[in-house]
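Some notes on the structure that comes next.
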Amino acid sequence: MFFLCLVCLSVSHKMIGICYLLVAILCGFIGYIYSLFIRLELSLIGCGVLFGDYQFYNVLITSHGLIMVFAFIMPITMGGFTNYFAPVMVGFPDMVFPRINNMSFWMFIGGFGCLVSGFLTEEGMGVGWTLYPTLICIDFHSSLACDFIIFSVHFLGISSILNSINVVGTIFCCRRKYFSFLIWTLFIWGALLTSILLIITLPVLAGGVTLLLCDRNFNTSFYDVVGGGDLVLFQHLFWFFGHPEVYIIILPVFGLVSTIIEVTSFRCVFSSVAMIYSMLLISVLGMFVWAHHMFVVGMDVDSRAYFGSITVLIGLPTCIKLFNWIYSFLFTDMCICFEIYFIYMFILMFLAGGLTGLFLSNVGIDILMHDTYFVVAHFHYVLSLGAVVGVFGGFFHFLMKWIPIELHTFWLFFFISTLWFGSNMVFFPLHSLGMFAFPRRISDYPISFLFWSAFTLYGMLLLTFLVIFCCCLFNVILFWDYCLFFINLFTYSLSIFFYFYTWVPVCMAIYLLVIDFAHIILDYLLIILCFCFVFYIFFWQAFLLFFYI
C-alpha cells in the first residue's frame, strides 16, 4: 500500500521518469508480441497462423504501430529520460509543475488502457495506424473499438502536451540570469525542440480525430464525400502531425547520443553550435514537408516539386550532425566503453534509413514504392533501429546511476551483436521485397516472395531470443535484490526476537522469504516455457518452409 501511494502520488521527477520508463517498456513488449505474430503470419503463404483472419491481421498492424509510436518510444524519450534528466541538467530540483507532471503520467496510462480496450473490443480496429476515414468510417467499421482508438489518441495527446508544457516551463523558467542559450547541453536542446513541436502539432491531430469521431457518431460529413466532405483533408491534418512525429521521436535521441559522446570523450561534441542550429533547422523544415506522404492523392506538379525539394533539404542539417559525430569519434581520445558500440550502431542504422529516405523524396520513385515494404524498411531503420538503439545506448549509459551493479562485458557484447544481426535480418530484406512490389497490410502474397519473407522470421526469432535473455537478466538482478532485501529483513527480525522474545517477526520474515523465492522460481519456469515456444516455432517454420519449397 505504501509503495502504491509512493508511485501514484509522487511528484518527484525522478520517480515519474522511472515509472514512464517501466510502463513504456511493458508497452513495447506488448507491441513486440504483436509484431512477432505479424512476422509469423507473413512467413507462410495462404492460411497462416491466423487461419486466414485478415481482419485480425490488420488489427495486429494497427495495434503494433500505435503502441510502438505513442506508447513506447515517445514515453521513453520524453517521459522517461527528459523527466529524469532535464531538471538536473538545468540545475533545478524538480519540474516547474510537478503535479501536472504526475497527471500527465496517469493520462498516459489511461490512453494506453483505451488502446488495449480497442484491441479487445468486438472485432478490433483493423484500420491501420494512420486512421484514414475510408477505413474507419461507420460504414466499414461500426465497432466501438475505433472510438476507443480515437479516445486513446486524445488521452495520449493530452499527456504529451502537458509533459511538453512542463519541460518548456522548466527549461525557460529555471534559466539563470546572464545564462547563454548556447551552453545548454544538446540533450536539453533536443528536449526543448521536441516539446515545442508537440505543442504545435498535437492540437492539429486532436482536431482531425475529433472530426472523425463526429463523423462516426453525430451524423456529420467532414470526411464524407457524399455530404460535401473531403477525404484528403484528414490526410493533411494527420500528416501535419505525422511527419514532425519522426523528429519528435529522434531529436531527444540525438541529444542522448551527443551526451554519451561528450561524457566518454571528456569534451564537447565537435562544433556544438552547428549541432544546435542543425536541430533547429530540422525542426523548422520538418513542419513543411508533411505532404510528401501524399504524392499519390492527385497533387499538382508544383506542390510535388516543393515538398520533394524541402524533403531533400532536410538531409543537409542531418548530414551536419552525422559528420560532427564521426569527427568527434575520429579526432578525440575517447574512453572505450560499451555504450560507444550502441552509438556506432545508431549512426550506421540512421544513415541507412536516411539514404532510403532520399530515394523516397523523389516523386517518381515514391509513387512506385508507395504502400510497399520498401517504405516499411525505411521508417523502421530510422525508428526501430535508429531511435530504439539510441535509447538502448542511453539506458546502458545511465544504468549505473539507477542500479548499483556492473554487467559482464561478454553478455553486453552478446546483447549488441544479437541485436545487430537480428534486426538487420528482419528489416534489410524488406528493401528488396518492396522493390519487387510486395504490398503492405496484406497477409497473403505470391510464392515468389516466400523465401525472403520467411527469412525475416529467423531474425525475428533471434530478437525474441534476445528479449527472453533480457528477461533472464532482469530476473537475475531482481533475484540478488530480493536476496539482499530479505537477508536484511531476516537479520532485523532476529534482532527484534532477541530483544522482545517473540516469534512473530521471524515467522513473517520466513513467510515472505518463501513466497518471494517461489515467485522467482515461477519466473524462471515461465522463461523456460518461452524458450521452448521459440524453438518450437523455429522448427515448425523450418519444416513447413522445406515442405513448401
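Backbone N, Cα and C atoms are what each Cβ position is placed from, and that goes for glycine too.
What Swiss-Prot says about this protein:
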- 18-38: transmembrane segment (TRANSMEM)
- GLU41, GLY46: Ca(2+) binding site (BINDING)
- 59-79: transmembrane segment (TRANSMEM)
- HIS64, HIS380: Fe(II)-heme a binding site (BINDING)
- 148-168: transmembrane segment (TRANSMEM)
- 181-201: transmembrane segment (TRANSMEM)
- 237-257: transmembrane segment (TRANSMEM)
- HIS243, HIS292, HIS293: Cu cation binding site (BINDING)
- TYR247: O2 binding site (BINDING)
- 279-299: transmembrane segment (TRANSMEM)
- 310-330: transmembrane segment (TRANSMEM)
- 340-360: transmembrane segment (TRANSMEM)
- HIS370, ASP371: Mg(2+) binding site (BINDING)
- HIS378: heme a3 binding site (BINDING)
- 410-430: transmembrane segment (TRANSMEM)
- 460-480: transmembrane segment (TRANSMEM)
- 495-515: transmembrane segment (TRANSMEM)
- 527-547: transmembrane segment (TRANSMEM)
Cβ-centroid neighbourhood (8 Å) of the Cu cation site, HIS243, HIS292, HIS293 excluded
TRP239, GLY242, VAL289, TRP290, ALA291, MET294, PHE307, THR311
One finds that other Cβ atoms within 10 Å of the Cβ of HIS380 (Fe(II)-heme a binding site) number exactly 21
Neighbouring C-beta atoms (10 Å sphere around the C-beta of HIS243 (Cu cation binding site)):
22
Whole-number answer please: how many Å between the C-alpha atoms of GLU41 (Ca(2+) binding site) and HIS292 (Cu cation binding site)?
30
On a count of neighbouring CB atoms within 10 A, which of the binding-site residues GLU41, ASP371 is highest?
GLU41
Rank the binding-site residues GLY46, HIS64, HIS378 by the number of other Cβ atoms within 10 Å of each Cβ and report the first-ranked residue.
HIS378
Would you call the transmembrane segment (59-79) and the transmembrane segment (340-360) in contact, using three or more Cβ pairs under 8 Å, pairs 6 or more apart in sequence?
no
On the three-state reduction of DSSP, what should I expect for ASP371 (Mg(2+) binding site)?
coil
If one measures from the C-alpha of HIS292 (Cu cation binding site) to the C-alpha of HIS370 (Mg(2+) binding site), what distance in angstrom results, rounded to a whole number?
11
Surrounding residues of the transmembrane segment (340-360) on its own chain - C-beta under 8 Å, 6+ positions past either end
250, 253, 257, 260-261, 264, 292, 311-312, 315, 318, 322, 325-326, 334, 366, 369, 374-375, 377-382, 385-386, 389-390, 392-393, 396, 413, 416, 419-420, 423, 431
Quick one: of GLY46, HIS64, TYR247, HIS370, HIS378, HIS380, which binding-site residues lie within 10 angstroms of HIS293 (Cu cation binding site), measuring between C-alpha atoms? Sequence order, please.
HIS370
Any same-chain residues 6+ apart from HIS370 (Mg(2+) binding site) with CB under 8 Å of its CB? Would you list them in sequence order, or say none?
PHE295, VAL296
